[in-house]
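Database features, via TrEMBL:
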type: COMPBIAS; residues: 282-296; note: compositional bias 'Polar residues'
type: COMPBIAS; residues: 321-338; note: compositional bias 'Basic and acidic residues'
type: DOMAIN; residues: 34-272; note: domain 'Rhodopsin'
type: REGION; residues: 281-305; note: region 'Disordered'
type: REGION; residues: 319-368; note: region 'Disordered'
type: TRANSMEM; residues: 16-37; note: transmembrane segment
type: TRANSMEM; residues: 49-73; note: transmembrane segment
type: TRANSMEM; residues: 93-110; note: transmembrane segment
type: TRANSMEM; residues: 130-153; note: transmembrane segment
type: TRANSMEM; residues: 173-197; note: transmembrane segment
type: TRANSMEM; residues: 209-227; note: transmembrane segment
type: TRANSMEM; residues: 247-268; note: transmembrane segment
Amino acid sequence: MGSVIIIPMVDRARDALIALSFLWVVFGFVVAGRVFARHRGIGLGLDDGLAVAAFCLTGTTIGFNAAVFTAGVGHDMVPDSDLFPTLMNNLEFMMKITFIFTIVYIWSLFALKMSQLWFYLRAFSVHLKVWIWIVSGICIAWGVIFTFVVTFLCDPIEQQWTLMRIGKCMDQILVLKCVIMTNILTDLMIIVLPMRTVWSLQMRTTEKVAVASCFAIGLACVVIGLVRFGEIFVIDMVGNFTGTSFTTFMLCSIELMLAGICINIPMLRPFYLRWRKKGKSSADSSGYANPSTLQGARSGKATPLPSVKGNYSAWIELEDDKDRDSDSNNDGCSERKLTTASRPDPPVGSPTEPSAIHVSTKWTITRD
């Protein structure tokens, strides 16, 4: 192979790079928000580290796209065209990039899947621990098996990119089909896993739908996977690789960007709660009483304000019905429930100051 000759990108390749760069920036902002919220709250965990790793790996795919687009992907390999000799010169380089791209794609998806599952383990371990470990085992096996298969697809490995016939290979298209379909199946497992538990949280129905929708955004990645599966049948590895692989390269990166955004959006809920709290504070300061405060006053119980240090804590903490305070249903708010625990009432006639009432707070989301 001679040195790579740069070819001007086609217009759709340039547009694709702009779109991918924009999605990656959005991905970065969402991950940064997640890390900040966790740092201010319960602290960073393995799921946050995996999200950052996935963000870095996903960013490299933009460079891979730029490399193959400037090497000829997007141009048809027509023997009579002036570009044909240049495309043939660059073909080995593009095949090397494809080999590396595929492995990075698998690792990025693996990091994203495990990040979401580790978050589930922190948030839903009481109710879904066994299922989370089962799905985690499936995803680990998926990542290890396909990394091995893609790496040793040919014997020797160099046969995957060299134009000379120096060995033999398995059916590369069949392997890619298996990667895509098993990825879709594991995505569906991860999306469905917490739905029943989320729906049982003590929230208004609209907020249950909102939380469930945050997890269900991942269905967009399933749709992209199905489109990619169709595109696999279009790729002509022998006769026109550069002209038929453009959409696959682009969709691979888009899928990673959207998956990263989807799994990190739910982690931004503390910012939403803080925004809601500010809105309530503004309403209270304008003379409108908080219904939960009035209810606490009528029942003779002290109701703590939600301005508690540690607002940026884990946004889901489940608690069994038997452990829930029977009065927690009085609070119709969808934020973390405020459970008050006061000392026994003093004897009748003893002096008591309102400020002397001891109140301890616990922030939880309870199940119905």
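Cβ from N, Cα, C; glycine included.
Within the chain carrying the transmembrane segment (93-110), a Cβ under 8 angstroms from the stretch's Cβ atoms is held by residues 1, 4, 54, 57-58, 60-61, 64, 67-68, 71-73, 139-140, 142-143, 146-147, 150-151, 160-162, 176, 179, 183, 241-242, 245, 249, 252, 256, 259, all 6 or more beyond its ends.
Within the chain carrying the transmembrane segment (16-37), a Cβ under 8 angstroms from the stretch's Cβ atoms is held by residues 9, 44, 48, 51-52, 55, 58-59, 61-62, 65-66, 69, 246, 250, 253-254, 257-258, 260-261, 264-265, 267-268, 270-271, 312, all 6 or more beyond its ends. Only residues 6 or more beyond the boundaries of the transmembrane segment (209-227), in the same chain, are considered here, and those with a CB under 8 A from a CB of the stretch are 180-181, 183-184, 187-188, 190-191, 194-195, 198-199, 201, 203, 251, 254-255, 258-259, 261-263, 265-266, 269.
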